[in-house]
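Going by TrEMBL, these are the annotated features:
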type     : residues  : note
DOMAIN   : B:7-79    : domain 'Glycine transporter'
DOMAIN   : B:93-165  : domain 'Glycine transporter'
TRANSMEM : B:6-25    : transmembrane segment
TRANSMEM : B:32-53   : transmembrane segment
TRANSMEM : B:65-81   : transmembrane segment
TRANSMEM : B:93-111  : transmembrane segment
TRANSMEM : B:117-138 : transmembrane segment
TRANSMEM : B:150-168 : transmembrane segment
Amino acid sequence: MELYFHWFDLLGIAVFAISGTLAAWRKQMDGFGVLVLATVTAIGGGTIRDLILDVPVIWLSNNDYFYAIFAATALTILLVRKRLTIPNNALQIADAIGLAFFVVMGTQKALDHGTSGFVAIMMGTMSGVCGGMIRDVLCREIPLVFRGELYAVTCIFGGLVYIGLLELGVGKMPSMLCGMTALLLLRLAAIRWHLTIPVFGRHGKIDP
Amino acid sequence: MELYFHWFDLLGIAVFAISGTLAAWRKQMDGFGVLVLATVTAIGGGTIRDLILDVPVIWLSNNDYFYAIFAATALTILLVRKRLTIPNNALQIADAIGLAFFVVMGTQKALDHGTSGFVAIMMGTMSGVCGGMIRDVLCREIPLVFRGELYAVTCIFGGLVYIGLLELGVGKMPSMLCGMTALLLLRLAAIRWHLTIPVFGRHGKIDP
Amino acid sequence: MELYFHWFDLLGIAVFAISGTLAAWRKQMDGFGVLVLATVTAIGGGTIRDLILDVPVIWLSNNDYFYAIFAATALTILLVRKRLTIPNNALQIADAIGLAFFVVMGTQKALDHGTSGFVAIMMGTMSGVCGGMIRDVLCREIPLVFRGELYAVTCIFGGLVYIGLLELGVGKMPSMLCGMTALLLLRLAAIRWHLTIPVFGRHGKIDP
């Protein structure tokens, strides 16, 4: 089980790194920019979570994460240079798998350090979305995750399912698997049927 | 006294959350973006302060902050949806009260952890302004606090009054109240008479 | 030796503060914005490094850094106000000296806290470039360091030379000096002959 977890973790890291690489490519950054974007997208969320929980930042003592990031980045550059297309659907599905893993593991980590369930769900969601937010800020974009896609909400949903089952007395491992599955299914449904959440638009006016 | 402090704290949090909600509204973000903007505006400054001081981040063990944020956000969305206007003056005055509280409490927290008075004033000011700076960066704006309004300067002033009185041997509680009052009065004067600080403009040229 | 180190450190801080001041000047920020930009450019990289390593943030207990920042900022404003030009070459050379110092010291600090050589080089590079990245984000620019100049790569090179010599059994002090010198020479060469690294441009296409 533990071993599977490690591979899911690296899969999530790699997919996030690809999304950072592609963002850097769109902004015509240099090789260093590509590496930084790939890296912060992949490990930014977990880093902020660990800093706030005041636990050792995970990649300080494990180079595996960087191997996954560099491999994913190199592969992406190669594909893009060769004018090959990366199937967007495959990317989104891999991203959903990585996200499911990151969010539930992040929630678990917060619970392990004694936070309330509410804060734990928030930390899990941060693990999943903050990397992409930093990526977008460095690219001078308003974070994609604020733009109406059903993405962050799936994180909150997965965390709720996980914590709900724990509260009901279900064991840790089955609760985690259910939380991940629930998140994954909702995210896949959102990708398949283009589900959105309402954008908080200009429906009112405000005293200037 | 302690109890009053807690209410002022929540008032400050709520007002900062409103300003984050309104910023998200202007940028037409979705419901998740609204919550994130409200939350980082409200607790971003205190979080950075706590991380740098290496003390437990305050909201990790207290959900009250989130209740205040969610209530303020929900109320703001409701008002804006109903095309009701939020009187800007009331907002600014509430913001000034919250700011006075945040800054002096932040200064105090830094002093408690053994920093110099100079660093303590800096940490107090960070508590007051960093949340808004993150809000503006996420909205892809240059931080408002750099734009000439007498805002950050009132934070520094409040911190100076507080630390100055402590140095003169005045007790902790009266010093805090004086610091808050000084900050509040200067900020209210700045709002009333539109006081500004000089913008560092294009008065010179530079070797390209 | 220690004493020289302290002066190099303050030189690096001061030069980074000048670059922050000039960035704020270009964006017509107010006096507070100038100070914040100067400060985050100067100490931002070291702060992030210290937070991630979970060691006390260096400027919490030492006001010298702020004196250097304020002196550099005041001098820069004075020069710019008087329409005097700051020779860009002098700035770049001073920046290179400060950078060489920051990066090798940051690498050393990470090694002291038990990270792998790989992570140590990354932390050293972060010490050198993150301040400028925050400066650019606050100015609503895509970080300069992603734009093709040979800057971050010199940091990685300096770190590699330092760690490589340590691995070969060379003493700590000569290794540090060689790492700094290597970084400095490569950076000066990059300035002199406008060396660049390839920008990752629109050579491919991607499935939208």
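Heads up, the Cβ atoms here are built off N, Cα and C, so glycines get one too.
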Non-local residues, at least 6 beyond the ends, that sit with Cβ under 8 Å of the transmembrane segment (B:65-81): 10, 13-15, 17-18, 20-22, 25, 34-35, 38-39, 42-43, 58-59
Same-chain residues near the transmembrane segment (B:32-53), Cβ under 8 Å, at least 6 residues beyond its ends: 13-14, 16-21, 23-25, 59, 65-66, 68-70, 72-73, 77, 102, 106, 109-110, 113, 115, 123, 126-135, 138-139
Residues of the domain 'Glycine transporter' (B:93-165) by DSSP state, where helix covers H, G and I: 59 helix, 1 strand, 13 coil
Per-region confidence, the domain 'Glycine transporter' (B:7-79) (mean pLDDT, whole number): 89
